[in-house]
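This report refers to the structure that appears directly beneath it.
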Amino acid sequence: MTQLSRAMRDADWLTLERLKRWTPLFALVSVLLLGLDVWTHTRFGVVDGKGEQVGRDFVNYWAGARLAIQGRAGQAYDLHRFLAYERSLTAPNAEAKWYGYPPVAMVLAAPFAFLPFLPALLAWTLSGWAVLARMQAPRMGWLLAGCALIATPAFYIDALSGQNGAFSAALLVGGLMLLDERPLLAGALFGLLCYKPHLGIMIPVALVAAGRWRAIFGGALAGVALVAVSVAMVGVQPWTAFLHNAPFHRQILETQIGNWPRMPSVYVALRFLGAASPLAYAAQAASALAAAAAVFVAWRGRASAPLKGAVLLVATFLTTPYAWDYDMVALLFAAVWVWREAEAGGWRPWERIGLAVMLASPWVLPATARRLHLQLGPVILWWVLALLLARIAAKPAVSGSLGDAP
């Protein structure tokens, strides 16, 4: 074995102390880049010279929620009327956006709709950051927790895009962290993910495998309650319009190849290789079944809570064809949990570098996909999942909760 391969296999140079020293610097770079992006996108009001809005996708959530509180939620599902409304609030040449979320998303985003656009975007970004940092602050301290989050490529992309990856991660991770002590509340957090159900598809598998029936009840109750609130708030018609437009998601996935470099799914990987759509869907289904089996086995067995949580989070992105880089914020917590296990029970070969590559992938994968026409995201994720399963099989469970951190 060469010196380089040994350095990658063991990655002894990737120490906790070194990460703590470098994390604030990476966080500072991310903040400066975000500031530069805001400056370039506010030179003509709230858009750049090409009409791209500051916060990019955030205008969708904000405008959709504003329509809801104005009693015009159905307009969000009419592409031309929604575009005209968005442009009336931002700029006449603003980029075309479309509202692809169920009406429950309008309910969850409603508090931000009472603010003007720029303050709402700032509140959206900072609140997502604060909630996630708070989850790790008791163990890591606010400074390190906040910097680690900002320095994570997925969070940077999420903030740059004005997306909801931080909130989705908060629901997923928060539910996992509360599962032992407050199962009903944990289930409620899982249930709120019904605005983005493809990110919660592994949760029932895990909960059934572990016999967490109270959490299942809490999730079902929260989901039904949120749907009921949305119907009371906006009526039935927006739901009908949403269901009518739902197939458009598949059309976007299959035809808008410009998005593919940012989508680390098996489906996209196969399409990059030239596979027809039916074959790519079949491969995605096989990946989903294998990932579900991994989750079931891990949660049925005696693996520690941190490893169970990490398996679920990684497997989630091997299940859906509609995976995006900004949703990978949750994988930071998977890495932290595995790191805690490894520090307590010893590192296995390739684990350190595997976690590092996984966290860096939202930065690296789009460039490699565009240049090489290869989407390596699912390869990396399956590699990490295999490392997790190998650890579960080889190591006795290490006691600890999901709140523990390095």
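Even glycines carry a Cβ here, placed using N, Cα and C.
A TrEMBL annotation is a machine prediction, not a hand-curated record.
The transmembrane segment annotation in TrEMBL covers 21-39 (among others).
For the transmembrane segment (108-133), same-chain residues at least 6 beyond its ends with a Cβ under 8 Å from one of its own Cβ atoms are 42, 46, 54-55, 58-59, 61-62, 64-66, 68-69, 89-90, 142, 145-146, 149-150, 155, 158-159, 162, 164-167, 169-170, 173, 192, 195, 226, 233, 329. Marked as transmembrane segment by TrEMBL: 108-133 (among others).
Positions annotated as transmembrane segment by TrEMBL: 140-157 (among others).
Here TrEMBL flags 215-236 (among others) as transmembrane segment.
For 279-299 (among others), the entry in TrEMBL reads transmembrane segment.
Through the fold, the transmembrane segment (376-394) approaches residues 263-266, 268-269, 287, 291, 294, 297-298, 301, 303, 307, 310-311, 314-315, 317-318, 323, 338, 341-342, 348, 350-351, 354-355, 357-358, 361, 365, 368-369 of its own chain, all at least 6 residues removed from its boundaries and within a Cβ separation under 8 Å. TrEMBL lists 376-394 (among others) with the feature transmembrane segment.
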Mind checking which residues of the chain, 6+ beyond the ends of the transmembrane segment (140-157), have their Cβ under 8 Å from one of its Cβ atoms? 20, 23-24, 26-27, 29-31, 33-34, 129, 132-134, 163, 165-166, 262, 325-329, 331-332, 359-363, 405-406
Any residues 6+ beyond the ends of the transmembrane segment (215-236) with a Cβ under 8 Å from its own? 68, 71, 73-74, 102-104, 106-108, 110, 175, 179, 183-192, 194-195, 203-204, 207-208
